[in-house]
Each structure stands twice: as structure tokens, then as C-alpha cells.
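According to TrEMBL, the feature active site, charge relay system maps to LYS107, SER242. The active site, acyl-ester intermediate feature in TrEMBL is assigned to SER266. The domain 'Amidase' feature in TrEMBL is assigned to 62-160, 196-544.
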Amino acid sequence: MLGRTLREKTGSRAVVAHACNPSTLGGRGRRISEFEASLVSAALKQGQVTPTELCKQCLSLIRKTKYLNAYITVSEEVALKQAEVSEKRYKQGQTLGDLDGIPVAVKDNFSTSGIETTCASNMLRGYIPPYNATVVQKMLDQGALLMGKTNLDEFAMGVSLFKLIHAVLKTEYKWGDGEMRLCRAYARAEVLSSVPSSHTESGSTDGVFGPVKNPWTYSKQYRERSRQDAREDSHWLISGGSSGGSAAAVAAFTCFAALGSDTGGSTRNPAAHCGVVGFKPSYGLVSRHGLIPLVNSMDVPGIFTRSVDDTAIVLGVLAGHDPKDSTTVKDPVMSATIPGVMDVSRLCIGIPKEYLVPELSSEIQSLWSQAADLFESEGAKVIEVSLPHTWSSIVCYHVLCTSEVASNMARFDGLQYGHRSAVDVSTEAMYAATRQEGFNDVENYENYFVKAQKVRRLIVKDFVNVFESGVDVLLTPTTLTEAVPYLEFIKEDNRTRSAQDDIFTQAVNMAGLPAVSVPVALSNQGLPIGLQLIGRAFHDQQLLAVAKWFEKQVQFPVIKLQDLMDDGSLVLENGKLTSASLTQ
């Protein structure tokens, strides 16, 4: 039984028995920033804590965890002003919603009015947008406090992945009947070993502002089990990418929710590595307006939180048609709440056989099997299913990325905004030099694009066939392994493995489906392991309901950042604040 096994293995997170009763918040004297947003929102409404106190505590934690490099920009003055206005609303009984007074963070590839937006690239250093991305504006309209912009791989992809795509497109392809047939040698990543430098999968290490360090590097759990010196830089762990800054910010309690983006797993991958919930909504459910595009047909805003309930709350705020984004649907917006009771016995859970790959760690494989057993023990029907174009999807994804990235990068010409080269021989020379200085060259391989689109339709059909057969949700791993040390990550054999991580996540983006990574247990090294649930298109609420049930069964433990525990921060004891002092 997975639920019992994991509780015995890791030690469970204390279950909040009365989630709607704020007095239960302080039973163990936990710092208020450690709680879920839904509980803190209730505490705010009851006057147990003010938005300003909450904001100051999160700002204090941002300063204390600066070594994580999770933030590119900290908008302290903006957040404090927002908290002051929020506090007045609470005193007047005119709150805007469940996010009013709740600290949040935003990945630095979303436009924010008056706040620098860099995409972690020299190309956009100093660029201050005149408008907010729709998702940012929606959160601000609900009274959320914007703590800052989080770190990422350059343009949410990383320059080394551009090199990977260049190498991939030199690989031998065989086409027939509209399907890309590729030799297993590539599938086992022989080609990837020829990539000239750096790693091949985003790990939030490729931005110009430096890498993001995983908070679990400094956790009591990891220190005790791995016997590593947490302050020894050579042992720091990657946070995953490309939204690693947002995942680390939520994991380290510096905010209660954060926006990421997800093009091929960039929300779910770091969520799994950082032990938080990472959600990718159905394509078209949430507006992309103001998200600086990477791959238009796959990009979606992603959500990081510390609970599935919080994810549902944020999704309820963000979802809906946007006239500024023609890809958003006009269907009624889903409810911000998900059912408290889930009848698992009525579900059919699919296990894709192609996802059982040799590179999958034995620990994750075991937990995946236990999770399937858990659903089955509760009466769910668990069956093996096939997604036959899984291996083709890896290459198809990179071909489509190349074409769309090249198209999107063309807008950065140095004339309207962003970096401009000093080369003045000619306009054409200035264009070329600007792009070379701002980011690596990217070639558009148009000859492959149409064929890859045909393969994409076959991949989509795989999912359609599975769900039409009666499957409600797919259960898969999120990553091949737990988070690894940076020095290990950049080794040749490990960049191969890292690129293969996409096998579990990128096909979902090509099919436009919702997916969520839920943290389930700690590895033998004391690091988070996440599993992924994939749902039918626009059945996001059903998917989150299943994820909530699953989350409750496994009861993932809270990260213990021991060096932050005795900092004089706001602590709730039996429903009352016991300290109002903040270490600056």
C-alpha cells in the first residue's frame, strides 16, 4: 500500500484536520509562510495575520535564501505597497478574493508593467514592459502581492538546448507514411553525446544571472541521509528547469504560489525536483498573452504551489477566455474549488508501457508501481495502455521547437527593444551581431517542419485512442531520477539522461493535455520524487480532484530548512502570533 509505505518511509506531513478553521494553523508552532495559501487566506480573514506581516516575512525569507538565486528581481517596494492596500481592504471587509494579501512570484518571462523582464538573457536586460501579462494582471486584480520575478534558463530553454536541436537535426531520419521512424540509437541518445558543450536539458542553470540551487540541497532530510555538507557548493543540486526559480521560491516558503511556463515539462520537471505541486493546464484554458513566446503551439502558463487545493484556487483565477489571446477557449470557467471527496472506484487509470524505460531509476519505478497498486486497492481499474509514438515524439518535439523558436527569436532585432550591438557597418550586420551577442544562432529547418507536424498528429491520436478506450487519467513518472548535483548534471552521460527526461512530459504539450506533478516521497538520499497524472483535454478539474486524493494518501513531508527555523519570524501557536519580530 503506497500510502502506508510512504508514511513509514518518510514521515508524513501533519494533516490539517479542520482546513476551514484558522485556529488549527498554529498547533505545532509552524511558521505561517509554511502553510498553504488556502489556510493563510482564512487566517487573513480572521485577522490572525495581516498582509503586511505576511509580506515582510516572505521578504525576509527571500533575503535569507538569496544563495538559492531563485529571484532575478525582488519587487520589495511594490509588494509592500500592495500589502498596505490589501490591509485596508481587509479592515473594510472588501477583500477581492482568496488571493488577496497572498505573496506570489512570477517567472521572468512574463511581462510585468514597470518591472524589468529579462527572460534571463542579455538580449532583454533592461527591458521594462508597459503592460502586464494577462495571468499576472488577473492575480493582481485578486489582490495578490507580487514578491518578484524568478530565475530561469535563458528564454525558458537554455542556450545549450539550442545546440542540442542543431545536433538533433543532423541526425538521420527516415520518413514514411507521414511518420518519423528513427533508429533506436538516437532514442538511446547516442547523438546527444556529440553535443559540444554544457548540458542538453534545461535545469535552470543556463540563464545569464546564474543557476538556481535546489532548496533541498540545504534540507535536514538530505543532509542526514546523504551525509553531505549542505554549505559545500560543489554538492548543490539542480532545481530542474526551465522554471526552477519559481519551484525553488515556493519550496523555500518565499511565496505561496508562483507562475512558471511549460513548453515541454518546464513546470512539472522542477516541481518534481523541488517537492512541490506543478500543474500544466490544458492548452487554451489559460491566456498566453504577455508570456514571451518560445514555442507558440505548446507554451502554456504553469502553476506552482505547495498543495493541490492551492493550485485549483490559482487556476480558478487564471482560467478563462482572453480577447488578447485567440487560442483561449470561450467555455465557462471552471470552479476554483475541487470536490473534497473522490470516488476512486469509478476511475480507470492507465499506465503507459512505453514509459517503462531502462533509464528510469529503480526507486521511481518502485514508487510508480506502488502508486498504481494504491489506486487499485481503492477500487480503481488500473490497466496497461500504449502510446506507440512515444519515441518519435522526442525528436518531433525538438524539430517543432527549432522552427517555432527561430520564428519567435526573429523579433529580437535590436531596433525596438532589448540589446543592440555597436556594430554599425550596415543594418543587416547590426541584426546579425545583435542576435549573436544576445543569444546563440538558431537555424530554422523548414524542411522538417511539415513532416514533424504530421508526426505530432499521430502523437495526439495516441492519447485520443487511450482516453476514448475509457481511461480517465494516466499515471506516469515525472522525471527519470531525483535531482542530481550540478557537477554530475553537466557530465556527458548525464546530459544524455537529462534530455531523455522529456519523454514523460513533452508529448503532453504536443497534445495540449492537462498534467500535474505531485510529490510523493523522499528518495533514499532524502530528495523529492514526483509522479505525474495526465488528464483529458479540458478535464482539468477532474484531474486536480484525482491529484488531491492522491496527495492526501501519500502525505509528502514538509522540507526542513533548519537554518531558517529560529529566525524570529511570525509563528502561529494555537491560533495566535507568538513573535512579530523579523530578522532583516
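The backbone N, Cα and C atoms fix where each Cβ goes, and this holds for glycine too.
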Could you say which of the active-site residues SER242, SER266 has its Cβ with the most other Cβ atoms inside 10 Å?
SER242
Can you tell me how far the Cα of LYS107 (active site, charge relay system) sits from the Cα of the residue listed as 'active site, acyl-ester intermediate', in Å?
11
Integer Cα-Cα distance in angstrom, SER266 (active site, acyl-ester intermediate) to SER242 (active site, charge relay system):
5
